[in-house]
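Here the structure comes first, spelled out in structure tokens, and everything after it is commentary.
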Amino acid sequence: MQLVLEKRAERSRTIALVSPLIAIGLTLITMSILFAVLGKNPIMALGVYFIAPLTDGYSLQEIAVKATPLVMIAIGLSLCYLANAWNIGAEGQFLMGAVAGSWIAVNTQGTDAGHWVLPAMLVAGAVAGALYALIPALCRVKFGASEILTSLMLVYVADLVLDYLVRGPWRDPAGFNFPTTAEFDPVATVPVLIEGGRLHLGSIIALVVVAGAFVLLDRTIKGFEIRVVGVAPRAARFGGFNANQLVLLTFAVSGALAGLAGIIEVAGPIGHLQPGISPGYGFTAIIVAFLGRLNPVGILIAGLFLALTFIGGEQAQITMKIPLDVTKVFQGILLFYVLACDSLILYRFKLVFTSRQVQSGAG
Amino acid sequence: MTPMPDPAPADPNTTHPLLQTIGLTKRYGDFLANDKIDLEVVPREIHALLGENGAGKSTLVKTIYGLVQPSAGELRWQGAPIRLSGPAEARSLGIGMVFQHFSLFDNLTVAENVALGLDGKEPLKAITARLADVARDYGLPLDPKREVWQLSVGERQRIEIVRALMQNPKFLILDEPTAVLTPQEADQLFVVLERLKAEGRAILYISHKLDEVKRLCDTATILRGGKKVATCNPKRETAASLARMMVGTEIKEVMPPAERRTTVPRLVVNDLTLAPAELHGVRLQNISFELKGGEILGIAGVAGNGQDELFAALSGERLVKEPGTIILDGLACGNRSITERRKMGAAFVPEERLGHGTAPRMRLSENALLTGHAASAMVRHGFIDAAATLRTVDLTTETFDVRKAKRDPEAASLSGGNLQKFVVGREILRKPAVLVVNQPTWGVDAGAAAIIRQALIDLASAGAAVLVTSQDLDELVEISDRIAVMFHGHLSEPLPRAEATRERLGLLMGGANLDRKEAPHAAGA
């Protein structure tokens, strides 16, 4: 008797929906073992991670706040990945968007600039993110450089640019030498949705982005081009679609969304520019994109789920003294299982009972 | 299971079969590729394995060569049951195989390629010497020091054959060896095969060319839908009776119309020269022809002589700098994209259905959109009209008898013949002014092939210009008004069908009058 993987004639739609759930289940089992090894009660730990944050209003808002950048970035990344363009540097585009938008905030600080400031900041953030993403895209199209490496390396460049600015020219003179800009003016701040709450306008923008991506991919010829180029490049060329153009387009769009997420994060929940504005949103969004099956609605759900792990991780650190890094381990294991479970979409497991009729003969 | 009664084997004094399969079965999921196949091959026999594409020939020989493990049944070698762990074991027993698709490294020499295929640790020098001996003995001229990319397809096949012969096999499998040869090259191959037979070896010869099998083979086993249909002596059968066994029904003859009116030139190519896009690709050299409405021009030639490059240039997948080299319905379009050319009324069907003509893992409606977005009402203001794409699928299904499991399945789930009917039908339903089609019936069952050829003829009768590239001479002679031959990136003057005999075409396919055809181009257009 042996277990074999058998190819399916068509992709299974059911498994495509169920496979992320299987992956989550396997991740939870693995995590339980990990908690047990760390000497924590697995049931309690999982409760703190995944149940507790859902039980109070503050945490629910916080989940939405954390999910906002994840979803926006992951939507952009999903377009790249569908088109077979591997943007790994969303983190850098996020930071560059934050920097460019902050430039306007810093320079209008204390002036009587009107309500144009915030829209201008959002536009600047999106444009900067797009331009920053176009660097690796152009390098791939013009020189054949691997966009995986170049986009990743540019993350560190962006990180250092931000670091230089908040330690140097943009440092708040009244900030006790902390590496941060001054708090942004009210006209340079993303408004909150509920008075005294944390939920802000950015979450609405993220929902609009999800809806836009859904229409783009499902209803428009451009979305079709993106999908064909990814799954069948030669057929796409036969269809008259230009793969290089789509690499540039998807990188620009995903850079713009990451940049927009960056400036919203800075002008919203944080309120000023400082190092460490992102706990790795740009990288976690890669997991969100795949966990969400590169599908806009899936990404929305996956974004909320991973936001939950951030909040749960913080609570677990406080109440159970579980290291915050366990959250990263969790996310890594999850991505691993998601990719592994994808095999089930095209293949199915089958138990084969080999008959012993065929006898091995002497050669 | 009731085994078919076998007619008397070719030679009465070789009663012990060299190789035998008993109830050999191979199952892929729910699909039975081979269903209880009994086969007996005796020494000193050329045994044909006949069948349409998808009949299970390849699976059967791959099992015999150890590449595929049977799900049930038995394999016997000289009477003893065997179980092969892989091709190396098959080779050590004395089973050799020449594949249809060569496994050669372009940048290595002939001798190096042969050395890589041998299991032993013989030094290259010894191999080179032995290779030269074997090649000379069997009249298969080969220069061991030449690199493979410089060789013709026929020469590459020789490498594979010599490589197999160097292991002194008792049993040699040849998978559609003449598919890539000119008629003259095929004749040379038959001489070698007769010689191998006379030496006492057995040959399993896979083909679907009936006249070849009748001429060469002593016994024929016919497969259909994974099952053995019959074993017979092909010399005592007619081509029609063999075809009937292969296909299961009578094949409809394609009916060319009595007379076709040709109209104005709709596709004109003027002195098209194009450097290859890929390493070792073929350079198109001064190609010129004129194709009128109502006419089918056939392009013959051994694969790899520039047909793919010509298709890419005509379709616009590769652009030509000089617009005037390609003229569609009077409009210069050498530098226009494939989408623009479709809008001008051209349609294209590439050789490879899966991955080129269609995106395999996308639905038929999406694949209708793939080529239909340019020139039909499937897209409005950037938005897809899903109902219109589905209508195209339904219409194609109805008109071309596309068999599928559901209304809108993934392209990859269709059989080769049905997908090809879809790919051709999708273009023909747009009523193109010019249709360029590469290998229209390659790997397609006889029924689908007849439907496709008829559709091409009907399209031309309706006034379109049709350019058909094919390696199947019979197909070209059946449907074309004129036939030209591609060789090393050159295109010969088209011959009217009446003058296009197999011999003349064969000579052109071998590059016979290459030197004579350089002059006329200077005067062209």
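Glycine residues also receive a Cβ, built from the backbone N, Cα and C atoms like all the rest.
A TrEMBL annotation is a machine prediction, not a hand-curated record.
Per TrEMBL, transmembrane segment is recorded for A:15-37 (among others).
Residues 28, 31-32, 35, 198, 308-309, 311-313, 315-316, 319-320, 322, 330 of the same chain lie 6+ residues outside the transmembrane segment (A:43-60) yet bring a C-beta within less than 8 angstroms of a C-beta in it. Annotation source TrEMBL lists transmembrane segment at A:43-60 (among others).
When Cβ-Cβ distances below 8 Å are used as the criterion, the transmembrane segment (A:67-86) is approached by residues 94, 137, 140, 147-148, 151, 200, 202-203, 205-206, 209-210, 213, 216-217, 226-227, 229-230, 233, 243, 246-247, 250-251, 253-258, 260-262, 264-265, 278, 281-282, 284-286, 288-290, 292, 294-296, 299-300, 302-304, 306-307 of the same chain, each at least six residues removed from its ends. According to TrEMBL, the transmembrane segment annotation covers A:67-86 (among others).
Taken from TrEMBL, the feature transmembrane segment covers A:116-135 (among others). Residues 87, 89, 92-94, 96-105, 108, 150-151, 154, 158, 185, 187-190, 248, 251-260, 262-264, 267 of the same chain lie 6+ residues outside the transmembrane segment (A:116-135) yet bring a C-beta within less than 8 angstroms of a C-beta in it.
Sequence-distant contacts of the transmembrane segment (A:147-166) (same chain, at least 6 residues past either end, Cβ-Cβ under 8 Å): 85-89, 91-93, 95-96, 98-99, 132-133, 135-137, 139-140, 179-181, 247, 251, 273-275, 277, 282. As annotated by TrEMBL, transmembrane segment applies to A:147-166 (among others).
Residues or ranges marked as transmembrane segment by TrEMBL: A:199-217 (among others).
Under the heading transmembrane segment, TrEMBL lists A:246-268 (among others).
Beyond the ends of the transmembrane segment (A:280-308), by six or more residues, the same chain brings 16-17, 20, 23-24, 49-50, 53-54, 62-67, 69-71, 73-75, 77-78, 81-82, 88-94, 155, 207, 210-211, 213-214, 217, 258, 261, 265, 328, 331, 334-335, 338-339 to within a C-beta distance below 8 angstroms of the stretch. Among the features that TrEMBL reports, transmembrane segment is placed at A:280-308 (among others).
Same-chain residues lying 6 or more positions outside the transmembrane segment (A:329-349) and placing a CB less than 8 Å from one of its CB atoms are 3-8, 11-12, 15-16, 19-20, 22-24, 26-27, 30-31, 34, 49, 284, 286-287, 290-291, 306, 309, 313. Taken from TrEMBL, the feature transmembrane segment covers A:329-349 (among others).
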Near the transmembrane segment (A:15-37), which residues from the same chain, at least 6 beyond its ends, have a CB less than 8 A from one of its CBs?
43, 45-46, 49, 291-293, 298, 302, 305, 322, 326, 329-330, 333-334, 337-338, 340-342, 344-345
